[in-house]
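Chemist: Structure below; questions to follow.
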Amino acid sequence: MVKIGTFDLDQKPAIVSVIGDDPAENAKAAKWLGANMLELRLDLLNFSDIDEAKKIIDRIKANTNLPCIATNRLLSDGGKWEGSEEERIAVLIDILPFVEAVDIELSTDAGQRNRVIEAATVAGVTVIVSSHDFYGTPSVKEMKGMLSSAHEAGGDIAKLAVMAQSKQDVLNVLQATADMEKPVCTIAMGEIGKHSRIVAPCYGSCLTYGAIAKAVAPGQIKIHELRSALEILF
């Protein structure tokens, strides 16, 4: 059984909204539109220290009472973090008492990644270990290997987002998803892969990411549209 907060991902997939600028208002809008949880992009939030970050999270939770996933993305993974790697990891660890899950990249130095995972385990926080390919879609075998590596690294959930260049790429993502026995989140990014955000949960993806208004990732679907589709399927 895998949960993020009280949300049981074995029962149905969760719609996740990415929160960056204007966090309190956007979080409120995301809940109203149908999001089940929020990804807090620490690399996009404007805070000077952990106390200020905690205040932002407190306001978000007061407005929504939704589970929160902390993420602090590097430039190489589509993020905006420009500080040192030591600082990036420290921020993630310091924020753990205030969130329900943490997303750490598989590409992170193993020692630093383990620091986050060990701290999350102590804090009772769900761990997502993620990989991103913004240029293409690996083979089914390679994608299954990446997902397995994320689980082996300590992820409760293995997340993989790739850029689809063809319909076959999308089918390959769905095949890799269906073949995995442990919890995964898979996304075929781009316009060609747009429908994967709706259908991947049918093959075992436990999270799908939606937009409040403007998409923050290629091919992202609006939250209310995802909710309508998933209500039919689940």
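Numbering starts at 1 and runs along the chain as it is shown here.
A Cβ is built for glycine as well, from the same backbone N, Cα and C atoms used for every other residue.
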Chemist: Considering the 3-dehydroquinate binding residues SER17, GLU39, LEU40, ARG41, ARG197, GLN220 given in TrEMBL, which of ARG59, ARG73, ARG227 is annotated for that site as well?
Modeler: ARG73
Chemist: Expressed to the nearest Å, what is the distance separating LEU40 (3-dehydroquinate binding site) and HIS132 (active site, proton donor/acceptor) at their Cα atoms?
Modeler: 18
Chemist: Given a separation of at least six residues and a C-beta threshold under 8 Å, show me what packs close to ARG197 (3-dehydroquinate binding site) in the same chain.
Modeler: ILE187, THR208, TYR209, GLY210, GLY219, GLN220, ILE221, LEU226
Chemist: Does GLU39 (3-dehydroquinate binding site) have same-chain partners at least 6 apart in sequence with Cβ under 8 Å from its own Cβ, and which are they?
Modeler: VAL16, SER17, VAL18, ILE19, CYS68, ILE69, THR71, ASP103, TYR209
Chemist: Going by DSSP, is ARG197 (3-dehydroquinate binding site) sitting in a helix, a strand, or coil?
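Modeler: DSSP call for ARG197 (3-dehydroquinate binding site): helix.
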Chemist: What whole-number Å value do you get for the CA-CA distance of ARG41 (3-dehydroquinate binding site) and HIS132 (active site, proton donor/acceptor)?
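Modeler: Distance (Cα to Cα, whole Å): 16 Å.
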